[in-house]
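Taken from TrEMBL, the feature domain 'MsrB' covers 29-151.
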């Protein structure tokens with residue numbers, strides 16, 4: 001096994017490049033565990049994935065804004081949400097280009113583009129190039145990583 005493969009995370013290292021970055025909103029691990037539910041902590045801080053079709057936000061259709069469940073950063077508008085059929089809330093684009101950041105995730109052995117909150121670094125999901133117009137992108141997010149605020 002090569003050292004490079006370990007560095008790229010090919011053998012189960014759940015951490016990605018954003019872990020080494022500083023973010024405007026930071027808490028200690030103990031503070032995150034107090035702030036978040038166990039499920040939200042698993043996704044946002046440990047880069048986990050919730051089971052498909054388990055989030056009530058997948059079926060959310062009201063007008064509003066989806067925020068980061070960790071730090072309350074506005075992330076996605078409901079007008080950019082669509083039913084991708086995947087079982088996770090999906091969006092064509094973030095609310096602003098700088099609301100989210102991306103990094104390459106090798107957790108499953110192939111590179112995927114991970115999406116994280118630009119404010120706190122929390123793992124949100126992944127972005128794929130199989131979405132509808134106008135962007136052709138599918139921001140496939142874990143519902144437990146989001147908090148919905150209607151009417152914004």
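Glycine residues also receive a Cβ, built from the backbone N, Cα and C atoms like all the rest.
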Kindly report the helix/strand/coil residue split of the domain 'MsrB' (29-151) according to DSSP, in that order.
24 helix, 40 strand, 59 coil
For the domain 'MsrB' (29-151), would you mind checking the mean pLDDT of the predicted model?
96
